[in-house]
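Okay, so here's the structure we're looking at.
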């Protein structure tokens with residue numbers, strides 16, 4: 001498959017470039033180019049304005065027998081956008097510009113005409129001075145006289161302006177210094193007022209903070225006095241009993257259940273808890289005594305028994321029988337158990 005963009009072409013061995021016929025084109029032939037209007041112009045036929053930058057499909061040709069320092073000059077043909085009249089202009093390499101030929105007139109050309117006129121005057125003067133030395137002297141005297149007149153006129157204008165102005169520079173400086181003093185005083189007063197306001201705010205805040213701190217200290221002191229027990233030594237709290245516990249044990253006569261170690265870590269075994277269904281709580285044995293008659297409990301059965309219980313300390317640990325069939329040792333054990341539970 002052949003390439004779309006071919007760079008190298010095939011030349012057969014018997015290729016002879018002299019046999020290729022040459023195209024005989026005229027030198028003044030025209031090309032169609034796309035260009036923009038190089039300047040503002042006005043059509044002579046209809047008076048239409050054609051502004052700079054307007055795009056045209058123009059015909060370009062080379063001007064015959066016209067060169068500038070070996071550079072060719074080109075001519076362009078365009079048509080008016082309104083009446084289709086033909087307008088021509090050509091390049092001007094001498095002035096790096098374009099020159100209007102026919103069909104329209106160039107607008108805003110006053111500056112260019114003035115420059116051309118100045119150039120023409122300077123050129124004529126140089127030609128005159130080249131062959132006439134007296135003319136050179138006359139031109140120099142004219143130039144010096146012109147410069148002196150210009151300087152005198154400038155000095156007169158300066159003096160006139162000074163007389164009309166009548167500016168009092170010292171008064172201006174005094175007013176400016178007074179203004180600066182007033183500004184400094186005003187700034188100083190504002191700074192003092194701001195510092196005074198800040199100090200007042202800080203004092204009020206400090207008083208409020210001190211009042212709140214004193215109130216907090218009073219509350220803390222009253223609360224600590226209410227909570228602090230009346231003990232002389234720090235270790236007295238270990239030997240003394242709480243009043244609520246003493247009152248409960250003496251007045252109510254109801255013992256508190258002993259808290260087991262596993263209850264302290266896990267919690268109490270209630271009926272609603274999850275552990276209450278898994279562990280069965282051990283019921284404590286009843287320690288309450290049955291009521292007995294006072295006469296039977298107080299009167300001994302025999303005199304020998306009473307004497308032995310009071311006199312002989314060795315026989316104190318032996319059981320003593322009563323009328324209801326219970327022994328005195330069992331009664332003593334029951335009371336000791338109840339006292340230990342109350343203390344715990």
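Glycine is no exception: its Cβ is also placed from the backbone N, Cα and C atoms.
Counting only same-chain residues at least 6 apart in sequence, those with a Cβ under 8 Å from the Cβ of residue 83 (Zn(2+) binding site) are 43, 45, 46, 48. Taken from TrEMBL, the feature Zn(2+) binding site covers 43, 46, 80, 83.
The coiled coil feature in TrEMBL is assigned to 107-154. Averaged across the coiled coil (107-154), the predicted model reaches a pLDDT of 88.
TrEMBL lists 180-213 with the feature compositional bias 'Basic and acidic residues'.
Residues or ranges marked as compositional bias 'Polar residues' by TrEMBL: 299-324.
According to TrEMBL, the compositional bias 'Low complexity' annotation covers 325-338.
The region 'Disordered' feature in TrEMBL is assigned to 180-258 (among others).
The region 'Disordered' annotation in TrEMBL covers 289-344 (among others).
Residue density at residue 43 (Zn(2+) binding site): 20 other Cβ atoms are found within 10 A of its Cβ, drawing on all protein chains shown. Counting only residues at least six positions away in the same chain, the Cβ atoms of 43, 45, 46, 48, 50, 87, 103, 104 sit under 8 Å from the Cβ of residue 80 (Zn(2+) binding site). Break the compositional bias 'Basic and acidic residues' (180-213) down by DSSP state and the numbers are 34 helix, 0 strand, 0 coil.
A sphere of 10 angstroms centred on the C-beta of residue 46 (Zn(2+) binding site) encloses 12 other C-beta atoms.
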